[in-house]
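Asker: A single structure is presented below for examination.
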Amino acid sequence: MPREIITLQAGQCGNSVGQQFWQQLCQEHGINKDGNLEDFATEGGDRKDVFFYQSDDTRYIPRAILLDLEPRVLHSIQASPYKNIYNPENFYIHKDGTGAGNNWGMGYSMGEQVHEDILDMIDREADGSDSLEGFMMLHSIAGGTGSGLGSYMLERLNDRFPKKLIQTYSVFPNTQDGDIVVQPYNSLLSMRRLTQNADSVVVLDNGALTRIAADRLHVMNPSFEQTNQLVSTVMSASTTTLRYPGYMHNDLVGIVASLIPTPRCHFLMTSYTPFSGENVEQAKTVRKTTVLDVMRRLLQPKNRMVSTNPTKKSCYMSILNIIQGEADPSDVHKSLMRIRERRLATFIPWGPASIQVALTKKSPYVTSSHRVSGLMLANHTGIATLFKRIVAQYSTLRKRNAFLESYKREVPFKDGLGEFDEAKEVVQGLIAEYEEAEDADYLTKETAPTDEAEDKRAG
């Protein structure tokens, strides 16, 4: 029984990442550039229908909706080698084509104006699914479209599909040297929606992605294409258990339930090893990829795709390792024992200290130089330090009332700047929740989340 997932790509970053993600899925499932199954793709055992549907002429078409307020990236996708795999009706480019000017308010307001057209596309895709499980959204939170239009769509999806899961892959800005001066404003406003309207958020930040790409590829300034390749590798790895199902973690709700012990703490960080791929071929090869080696590397902070400054109390709430390739379950058991003996991972004091492992097969159609590769999805309290940096940078700008005029012109701010204050309160509540989770008496505390009434997730 397929449990379909509809993918929404919003803005320049979301669509660039999405383009590479679909290319990777096509290669892994033996689908050619026109959407036809290659003659050699006869192995079976994979579920293509989670992410693709078959058209009347039996071509595989992504269940994807591509949204942007300016045409450049979508036009480049429409002229790319894989242009024929998409449903042309699922491209939405705003008729003015002016973009959102790196302004969350403008992206949000434009979403409000055009939401009926976009929801028609989503309804059409949902009606074409037998048993829709949920949505995946790809976007960044620093600019205008991915953050503003993305926020608006999260709210609408919650209203229209209250029982469906929403998972996002959200690219956070490099908080050290971002190229958009107003990114703290856009990030904070988006964070509120990610907290209240998503069930699970995979956090990737540009600072960490650039560092990992530079480290592995030996290039000083990795291109966006190279960092997007890392994101699409993580996305394809995190969906392998859905596409090559085993007994466990074979649907999105299973993955989310195993990683998120309390509903608000649903921001996940990832590690992946070893990196290889078309655009990453300069990556230094790691000679011996045993299960233990892969699992140990996944726990190394330098492999995390999030820049955090963990404190002494920071700890894991949950870990799911997705191991692809030739892995023997007894090796996994031994590796887990070794990790426990060496105390390589510190867990919350009030829950089970368990690393969950899902073994999945690799695509038979993609050659890999590694026997085993692994992705770690982890819920770690240290992620709150990233949110603290966003709040601190927001407060610095707000104190000076810097760059607020362009926001005041937009609909969400017509009655003042309360939208900012509410967002800050929600994010501070989230930070407090993660910090409280580090205490042994977390579950027995009587404090309820302040914004429970606002919480719209499918819990």
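Cβ coordinates come from backbone N, Cα and C, glycine included.
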Asker: Any idea which of 20-39, 160-179, 260-279, 440-459 is down as region 'Disordered' in Swiss-Prot?
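Answerer: Range annotated as region 'Disordered' by Swiss-Prot: 440-459.
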Asker: Helix, strand or coil by DSSP: which one applies to Gly148 (GTP binding site)?
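Answerer: Helix, per DSSP.
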Asker: Using a 10 Å cut-off on CB atoms, tell me which of the binding-site residues Gly144, Gly148 is the least crowded.
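Answerer: Relative to the other binding-site residues in Gly144, Gly148, Gly144 has the fewest Cβ atoms within 10 Å.
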Asker: Hey, what's the Cβ neighbour count for Gly143 (GTP binding site) at 10 Å?
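Answerer: The Cβ of Gly143 (GTP binding site) has 29 Cβ neighbours within 10 Å.
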Asker: Given the binding-site residues Thr145, Ser147, and counting only Cβ atoms in the protein chains shown, which has the most within 10 Å of its Cβ?
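Answerer: Per the Cβ count within 10 Å, the most buried is Ser147.
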Asker: Which are the residues of the chain, Ala142, Gly143, Gly144, Thr145, Gly146, Ser147, Gly148 excluded, whose CB is within 8 A of where the CB atoms of the GTP site average out, their centroid?
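Answerer: Close Cβ neighbours, site residues excluded: Ala10, Gly11, Ala100, Asn102, Trp104, Gly107, His139, Ser140, Ile141, Leu149, Gly150, Asn186, Ser190.
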Asker: Have a look around Gly146 (GTP binding site) and count the other CB atoms within 10 A of its CB, chains all included.
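Answerer: Around Gly146 (GTP binding site), other Cβ atoms within 10 Å: 31.
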